[in-house]
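If you look up TrEMBL, you'll see Gly96, Thr97, Phe129, Asp214, Glu215, Val216, Gln217, Thr272 marked as pyridoxal 5'-phosphate binding site. The N(2)-acetyl-L-ornithine binding site annotation in TrEMBL covers Arg132, Ser271. Annotation source TrEMBL lists N6-(pyridoxal phosphate)lysine at Lys243.
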Amino acid sequence: MIPAVLPTYARAPLHFVKGEGSWLIEADGRRFLDMGAGIAVNALGHAHPDLVAALTEQANKVWHLSNLYEIPQQEELAARLVEATFADTVFFTNSGTEACELAVKMARKYWYEKGQPQKIEIITFDGAFHGRSSAAIAAAPTEKMVKGFGPLLPGFKPMKWGDWDAVEAAVGEATCAIMIEPVQGEGGIRPIADADLKRLRQICDDKGCLLILDEVQCGMARTGRLFAHEFAGIIPDIMMSAKGIGGGFPLGAVLATEEAASGMTAGTHGSTYGGNPLGCAVGIAVMKHLADPAFLSEVARKGGLLRQKLEGLVAAHPDVFEGVRGLGLMIGLKCKVANVDLVKAGYAAEIITVPGGDNVVRLLPPLNITDEDIAEAVERLDAAATALSAK
Ligand SMILES: *Cc1c(COP(=O)(O)O)cnc(C)c1O
């Protein structure tokens, strides 16, 4: 008999009943160190007092307002994002995949309004992940994600990640945009080199197409910069955000320059829940922490600390690990054993990690994790790796 919940997830037999900072408490009382943070969502950990206060305060005022009316929390959060980034304007969604939908629509509409309606093709990359909507699976069409769901939305051209010469050659009359994650998340924590991201920006400028960055996972301070593309010193035309932006409340956003957004006039896009007062109130509280330069430099320092300890772990377990990669607190442990086996051994050692592509185990802890918890995490990973080697 089919379970009451549609069985599309392979769930671990863990039942968490409470969260405290970087810790999750199981129903049986065990305390798990959360190095996954809901896949980079709980940017400030669990039950952060400022986020709890922002949510409850707003809950006592008004939960939902239609976008037929003004929503001051939305205006404030947008102003904060505009202030802190390249963007001139922001649209709020409830998730990353909805941000992908709008990014695609915005880019195509831009060229349509410029009198170039033939520019509809979006270049994307293998190993990418942009969500599960029809546009997002067409953008990153792995067999698992697209088989049986046809027809695929046309107008996407997936290319080999890393072959930037081929990308340059492929950009033509029909190219609308290049869409890429500055650090692939699901693909296994694969950062694009700064010089290569600069080159993609240059290709877009030279040949006349837009650059769309998907910073759903790598953005919102995850790498030690508010957004990962800042390392390369470039700006996108359109950028997707979600995950950490709501600190655990469902929230996403599309950020854009005034020029790139110029086709999106009244009535061309909308959302019932997008930018609701609850989500935006929490988003403001999140931004107050994450956009603070002192907070960002702490993320960078802690990322360095974790990285250094992990290099030691890898050296101590050459039969389990191949190497460490990533930026800030977005780290991948490339494994020699099956990554899912390490994640399982981690559960036994009461630490939560997340598998990723390319046989990587992802570490995406709360950005405010303490130094003590970083040390504890590496000890628990050491216990997990030791248990695996003994097998
Ligand atoms: C998670 C993710 C998405 C999709 O976000 P949802 O909120 O799950 O729809 C899109 N892009 C990237 C890079 C992601 O990591």
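Backbone N, Cα and C define each Cβ position, glycine as well.
Checking Cα-Cα distances from Lys243 (N6-(pyridoxal phosphate)lysine) against the binding-site residues (Gly96, Arg132, Thr272) with a 10 Å cut-off leaves Gly96, in sequence order. In the shown protein chains, 30 other C-beta atoms lie within 10 A of the C-beta of Glu215 (pyridoxal 5'-phosphate binding site). Across the structure, Val216 (pyridoxal 5'-phosphate binding site) and Ser271 (N(2)-acetyl-L-ornithine binding site) are spaced 19 Å apart at their Cα atoms. Taken residue by residue with DSSP, Gly96 (pyridoxal 5'-phosphate binding site) is part of a helix. Following the DSSP three-state reduction, the secondary structure of Asp214 (pyridoxal 5'-phosphate binding site) is strand. A Cβ distance below 6 Å to any atom of ligand 1 is met, among the binding-site residues Asp214, Glu215, Thr272, by Asp214. The Cβ of Gly96 (pyridoxal 5'-phosphate binding site) has 25 other Cβ atoms within 10 Å, all protein chains considered. A separation of roughly 21 Å, to the nearest angstrom, links the Cα atoms of Glu215 (pyridoxal 5'-phosphate binding site) and Ser271 (N(2)-acetyl-L-ornithine binding site). In the structure shown, the C-beta of Gln217 has more C-beta neighbours within 10 angstroms than that of any other entry among the binding-site residues Thr97, Gln217, Ser271, Thr272. The Cβ of Arg132 (N(2)-acetyl-L-ornithine binding site) has 16 neighbouring Cβ atoms from other residues within 10 Å, across all protein chains displayed. Ranked by CA distance from Ser271 (N(2)-acetyl-L-ornithine binding site), the binding-site residues Gly96, Phe129, Gln217 have Gly96 at the top as the closest. Within its own chain, Asp214 (pyridoxal 5'-phosphate binding site) has Gly96, Cys100, Ala103, Ala128, His130, Met179, Ile180, Glu181, Met239, Met240 as residues 6 or more apart in sequence whose C-beta sits under 8 angstroms from its own. If you compare every pair of Cα atoms in Gly96, Thr97, Phe129, Asp214, Glu215, Val216, Gln217, Thr272, the residues listed for pyridoxal 5'-phosphate, the longest distance is 25 angstrom. A simple way to gauge crowding: the CB of Lys243 (N6-(pyridoxal phosphate)lysine) has 27 other CB atoms within 10 angstroms, across all the protein chains here.
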